[in-house]
Ligand code: SF4
Ligand code: SF4
């Protein structure tokens, strides 16, 4: 006979529901993004999603896994959305596709599929592309010379030449370049006063996207999809490191708020370092993971050759997860030292 | 007001308790046939004391406790023993067990009952009476109560916990018992308190049972006891012994310890009630309160004779037509009954009729996404997904490193897992594997010891034989040398030589025998100690072994 096993009741939860909530939490950020750049980002999200799902379906059938069960689990879609949001919004379509394919085929399925990947697939996609196509990955639309949707689309589809006049840099990149060009004669304060690139407390416009990510992340925390440990440690790490250097030399180092709301900080804190599969699982481990990732991200961002360091930092920390988990096992019931 | 503590984790399933408490406890009618299994508790298997054809009276001993950790079994009513034979048991394995089949005569004639004043008796005697009255944990664990009624030697008993938590959904047998028979529970708890010399008695009841709390408080007051009746927050598994102990006292009893070592002991309310009936009324445990609920027209609690065939029992609730299965116990820790032919036993606290809409088939299992939800709800603060990972990989040593034997199989982890992984199933599988490997190892050790002992004996015998031969040869030589005087003298001389030679020989053999005896003793000690160790590890597990064996087959097939 068929043995059924307890418990006979389960909560109404599924991987799909978890992933759908993660997607929902990204929506506010996407909305601001559309307001800032235009609907082209939706096109990029669609391209990334289609590529990811196709790759997912291909790999699943290749590995003879149940297609219906896994294709609908939403995990590939989350990866796709994160890729689209992390890449430059006007990146050519094939760049997004390359990223998505790499994430799904190599970072996810070659490591065993859902739940098995030691590295965050979206970050793998980002790292691979920024190493292989550094120029394309650094071209961000100049906000004050906004192109219309059809022009943007032509750029993405590659039917129009990429004009330098239309591309700028990320606020982080802009700051870094300006500081370099200034050779110590200019200060962060004067650079940030430039209203072309910078807004109230971080990158112009981008700061509000970051705020929206923050809100989405807090919602995820409230829904208990994520715990506070990793995001808190990550943001605390950013504040601590940027704050220390800022206090030491405010002319050469941007303040903590700028760093919190620039680059991949907020997206990273709530949607990347919280990835359960590739992150640490114990409470203390999550704190260590988040904090260390922040430290690395900050160092790469400020002193490294890349515009932002979140992707590399997270990938480096992914390697350490088994060790972190091993040494941060919480004490079990009845085995704690006496209070 | 007592300060309450929290236990980590836990879940809040829909209680679904209301339907079955709308009516008072019903007395189930006498069934045409009673099938009373002899083995109804943890521990030894009671020996049958009757045979086919015997007439028995209600309350008559039909199965005697065969060892200290065992519990007697009685005839639930008067009638004729039809057979003592293997019958299907209410057990997930669907295996038969030796049972006494009784045809009731309808007179329900009691044996002579002797009420006792337990305060005039030696505590040891009271414990014996409890054992011989078949008093066991009625919360479902059926651990013989008398064996839990001794304080640790060096630790004073601070608290006696009376468990009215009843955290499993659907189940209301303790709730209704507290509502209707609170005084008996309080009196029984008093007996436990006196045996344990407990300083305080705390009655813990989940706060979704306000009527029970009120009834217990009233009973405590009326009887002039100083027990504290405490409503604890409703959260599964707050009614687990270790969780309730934690909530009421702040003490965390690890798997490696028995609770008396930490100055606390815990009994279920129904157990206290039956102890009172046994001592003060001389009535052994013949019936119990069982919740019959779920997909039935008439959910209700019944007082049912042990041995009542389940098919007769469930008929009382009028199961709806789409009922596709029956669970024994709650939906979190219970199991699906393989057959309704089996009888109701002391462990049967609740029968739930299930339907596809009530308990939908489990969603397909997905890979673990390490979301940690299971760890968040684990009341023993384990890392279920790590244990799962290693159990799946059959790396059982690792599962032990992640404290798999601290898992109480409460099911919280499976309850919340978004990947719908039957985690508890994996843990039972791993535990049974470890358990059976340990058993094999013990057997191998014992065999090795036996082998060594035999070698030793063989050698000793060989040596003795050689010596005997040598002696005989020497004697022969002596006889040859000595001038033949008379037959009798030669004979006596021979004997004296032999005796003289035998003296050192005897000392030698005695030494060897002593060594052999010591080895044998050591072996016996090992054998008697090791199963105990295992048992300490896997108390809840032991009774499940057959079941797990059965489960293993589908699990293995899956891999
Ligand atoms: S709840 Fe399920 S999916 Fe999540 S970590 Fe635990 S076993 Fe894995
Ligand atoms: S079944 Fe075991 S591992 Fe799962 S929550 Fe309960 S105690 Fe923890």
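Glycine too: its Cβ is placed from the backbone N, Cα and C atoms.
Per TrEMBL, the listed range annotated as coiled coil is B:446-475 (candidates: B:446-475, B:476-505). [4Fe-4S] cluster 2 is bound by B:407, B:410, B:413 in TrEMBL, and the record lists one more residue there from B:371, B:378, which is B:378. Matching B:350, B:417 to the [4Fe-4S] cluster 1 binding residues that TrEMBL gives (B:368, B:371, B:374) identifies B:417. In the vicinity of ligand 2, defined as a Cβ distance under 6 Å, the following of the binding-site residues B:368, B:371, B:378, B:407, B:410, B:417 are placed: B:378, B:407, B:410. In sequence order there is nothing to list: of B:374, B:407, B:413, none of the binding-site residues comes within a CB distance under 8 A of chain A. Spacing of residue B:374 ([4Fe-4S] cluster 1 binding site) relative to residue B:413 ([4Fe-4S] cluster 2 binding site) is 4 Å (Cα to Cα, whole number). For residue B:368 ([4Fe-4S] cluster 1 binding site), the nearest neighbour among the binding-site residues B:378, B:410, B:413, judged by Cα separation, is B:413. For the binding-site residues listed here (B:368, B:374, B:410, B:417), the lowest count of other CB atoms within 10 A around the CB belongs to B:368.
Here the C-alpha separation of residue B:410 ([4Fe-4S] cluster 2 binding site) and residue B:371 ([4Fe-4S] cluster 1 binding site) works out to 19 Å. Proximity to ligand 1 (Cβ under 6 Å from any of its atoms) holds for these binding-site residues out of B:368, B:371, B:374, B:407, B:410, B:417: B:368, B:371, B:374, B:417.
Residues B:368, B:371, B:374, B:417 make up the record's [4Fe-4S] cluster 1 site, and a Cβ search at 8 Å around their centroid adds B:369, B:370, B:372, B:373, B:384, B:385, B:388, B:413, B:416, B:418, B:419, B:421, B:423 from the same chain. The [4Fe-4S] cluster 2 site is set by B:378, B:407, B:410, B:413; from the centre of their CB atoms, other residues of the chain with a CB within 8 Å are B:9, B:374, B:377, B:379, B:380, B:382, B:384, B:408, B:409, B:411, B:412, B:423, B:424, B:427. Residue B:407 ([4Fe-4S] cluster 2 binding site) falls within neither a helix nor a strand when secondary structure is assigned with DSSP, and so counts as coil.
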